[in-house]
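Features reported for this protein in TrEMBL:
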- 192-601: domain 'Acyltransferase 3' (DOMAIN)
- 129-149: transmembrane segment (TRANSMEM)
- 199-217: transmembrane segment (TRANSMEM)
- 237-261: transmembrane segment (TRANSMEM)
- 282-300: transmembrane segment (TRANSMEM)
- 347-368: transmembrane segment (TRANSMEM)
- 375-396: transmembrane segment (TRANSMEM)
- 425-444: transmembrane segment (TRANSMEM)
- 465-487: transmembrane segment (TRANSMEM)
- 507-534: transmembrane segment (TRANSMEM)
- 587-608: transmembrane segment (TRANSMEM)
Amino acid sequence: MISIFLILLGQALARKMGLQCELEWGKIIYSATNQPFSSNYSSMFQYSGFKLNYLGNYDSCNNLPGAKYVLIGYSSIPIIVQSFCGPDICTEEDYKDAAHLLGETNAPYEVYFPKSYQEEKYGTYSKSAVLMISLMSVLAFICLAASIYDFLEKSERDHPIATLILSFSVLSNIQKLLSSRSKEKTGDTNLDFLNSIRVMSIFWVILGHTYIFNLLYNPLQNIDTAFGGISESQYILVYGSFYAVDTFFWLSGFLMAYIFLTDLEGSLTMNPSKILKVYIHRYLRITPVYMFCLFFFWTLQEYLGNGPLYIGIEDYFFPECKEYWWTNMLYLNNLIPDGKGNGCFGIGWYLAVDMQLSLLTPIIIFLYARVKKVIGWVMISFFCAIGCISSGIVALKYDLNVSAFAYHGRDEYMSYYYTKPYTRVAPYVLGIACGIILYSSKITKERGNVYDVVAEIIEKFQKHFLGRLFTLIFGLGLINILIFSQYDTYKYPGANFAFTHWSKKANYFFIAMERLTFGIGLSCVVMPMILGYFKFIRDLLSGCVWNTLARLTFSAYLVHSNIIAVITRSERDAITYRANNNIRDTVFYAFISFALAFFIAILVEMPLGNLESVLRKRLDVRVTHLLWTDNNSEKSKDNI
């Protein structure tokens, strides 16, 4: 039986509408109190949501003759809406005249007819969307042709043209997907266990974004209690995920330092042209797939979903791309404009910071390897201090709170602290330190004499079982204390989510030290394993599955946020916000993200990476050949 409250509410709604719309709504209300429920009017009543955030039956309403689904929006972030399956004769003005009677008398509101909106805005592909679809079709055709060539041709595979063609072969790239990523990067399969850390970190990132997107961009049945859930222990998983990206920075610093030092072995100089080549190589490996994903979602995301909430997609997720897309290509999107950064392809801030931090590596490694080793260690300590001091200054200036959910200072937290290289530098340079220690261990064993005294002291400590066990436990303890201690402030969100349980000084100190603390903790956890100890753990974390997924993490990172956005905005029903639902959604989003990442890696990332590698090798061979010719010419002149 329909409640009298809803009937009276509907009648109050009708009295404010135009005459024809009022008559139709009168029939809808009347049908709810009479049996049987068989007319279109009774169906319209049943397909309406009425209550806040209940979406009714969107598809059935739109398929019902004489009906039109209408959405009245009071808030876009978080989502607060009401839905009705009303007569198709009712206009936007009719609903605007009556919507305030639904309980939000002082709130601004918007009226949408989602199906009509989508047909008008997203009904036909834009020129840019057609261009992107054409580009994907061309890439797919090239990869298919290359795969056929790879399958049929077995003799001329070393020919320059053949190597270019085979760069796009799906068959070859799938084989590469299954090969050791660490061996390709460092020549050392003992580092394969790092693949699992990379994969677990991207799952952690997806978990955090799932919680946040479900909270802000999904219609919640329990909207009145969902935000209060921040004080529950389940959220420990969420605010722990804020450190997942620091793991990527640590890995980047570690690999770049180790590779730089390995390249320097046997070389007397570290000339600028060699450093420039490293950066050109890095830029060409990352940027094409990054730009592909940016333009893919920018041009096509509005066509990828539909539903009662699939409106204003271009304004929600790409508000600044038209003006600032070029900053992503230059990796300045976290700084331009006004030092705050912009919202074009939001997850790109990580790539900008990583590229900016990578500029430090050759400086530190050059000073370490070619000037004096102690200077390298001093530089690492200096940048750790810079990370702490800059974070503390930003926290003090903008009165930041440890909680990223705090209403006060939320924008400043993201704009001036979370996305900046100077606040993220500590984990990166600690990764460099671990790369130095590994390299020192390798050279000391090869040459029989101590390469680096500081690294040797650390390695000697790891040679003792109790020493490396203490290092592992200390690192795990440090990370857990860092994460779980925050529960003390999240447990008491306070009035208007001000999170005032901690003093301001406590907030500033925690923010100043948290990145360094996490970097030290991660370094301690990984240190025994990068030196070859705890074989059982390394073997457990070095399986083929980890390796394959690790090759997909970059593409998965690039696509996961937009995939979550498309799915959440395409919801037909309100969800109940709770831990088990969020974890379930995390698994689903991770699966879809890696599935799409597979196709992007096979069709875009790996082919373009192979192409860059082939061209770079050809260029190096040509340069070497020219140098050899010139040298021989000089020798010939001397002989003459």
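Any Cβ shown, glycine's included, is placed from N, Cα and C.
Sequence-remote contacts of a segment are chain residues at least 6 beyond its ends whose Cβ falls under 8 Å from one of its Cβ atoms, and for the transmembrane segment (375-396) they are 360, 363-365, 367-369, 416-417, 420, 422-426, 428-430, 432-433, 436, 454, 507-509, 511-516, 519. Tertiary neighbourhood of the transmembrane segment (507-534): same-chain residues 190-191, 193-194, 197, 243, 246-247, 250, 254, 384, 387-389, 391-392, 394-396, 400-402, 417, 423-428, 430-431, 433-434, 437-438, 441, 458-459, 462, 468, 471-472, 474-479, 482, 485-486, 489, selected by CB-CB distance under 8 Å and a gap of 6+ residues from either end.
Distant neighbours of the transmembrane segment (129-149): 162, 165-171, 295-296, 299-300, 303, 602-604, 607; these residues of the same chain sit at least 6 beyond its ends, with a Cβ under 8 Å from one of its Cβ atoms. Confidence for the domain 'Acyltransferase 3' (192-601), expressed as mean pLDDT, is 90.
For the transmembrane segment (237-261), the list of distant contacts is 185-186, 194, 197-198, 201-202, 204-205, 207-209, 211-212, 278, 350, 353-354, 357-358, 361-362, 364-365, 369, 403-404, 418, 424, 427-436, 438-439, 479, 482-483, 486, 490, 514-515, 518-519, 522-523, 530: same-chain residues at least six beyond its ends, Cβ to Cβ under 8 Å.
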